[in-house]
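What TrEMBL annotates here:
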type     : residues : note
REGION   : 1-25     : region 'Disordered'
DOMAIN   : 34-161   : domain 'Casparian strip membrane protein'
TRANSMEM : 40-60    : transmembrane segment
TRANSMEM : 66-93    : transmembrane segment
TRANSMEM : 105-134  : transmembrane segment
TRANSMEM : 154-175  : transmembrane segment
Amino acid sequence: MNVSHASVHPVEDAPTTEGGNAPRVRMKDLQGMPGTPVGLALRVSQFVFAAAALVVMASTSDFPSVTAFCYLVAAAGLQCVWSLSLAIVDMYALLVRRSLQNHRVVSFFTVGDGMTSTLTFAAACASAGITVLIDNDLGSCAHNHCAQFETATAMAFITWFTSLPSFLLNFWSLASR
């Protein structure tokens with residue numbers, strides 16, 4: 001049986017029962033949570049799709065003229081930085097066989113995932129609205145980069161679909177304490 005400590009600890013720590021205090025039982029690491037292989041895969045996929053959205057949108061010459069597209073670039077850039085940094089933390093935890101089930105760490109991951117996934121979803125929705133406006137309502141897709149706008153918006157939605165499980169698993173872990 002593993003016990004919880006105030007800091008990141010090795011997974012194979014034996015419980016200590018000294019001092020008369022009963023050890024707290026540590027919850028099992030669910031796949032998809034920080035420090036697990038599926039969690040690392042989610043972080044890498046978040047980074048890849050956010051980077052794709054960022055690159056595709058930034059490759060168009062007229063994206064700065066629309067505020068929603070600028071917002072998508074900013075949100076995708078933030079998601080790239082967040083996902084890459086947490087992927088590095090996950091890789092480190094897997095390499096040294098450490099568990100990341102610390103209340104402060106999980107709280108930090110939960111707040112960050114919640115903020116970045118909300119920003120990414122809002123940016124994707126705003127960009128989708130503008131793309132529909134340009135294509136269907138104005139009918140000026142021939143004069144714009146509609147295919148690139150649609151691709152970047154789709155990549156932003158896929159980024160949100162991969163960041164939502166990370167947020168929900170972290171939030172569930174935090175709420176179950």
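Each residue, glycine too, has its Cβ placed from N, Cα and C.
Ranked by Cβ pairs under 8 Å to the transmembrane segment (40-60), the stretches 66-93, 105-134, 154-175 are led by 66-93. Using DSSP to sort the residues of the domain 'Casparian strip membrane protein' (34-161) gives these counts of helix, strand and coil: 108 helix, 2 strand, 18 coil.
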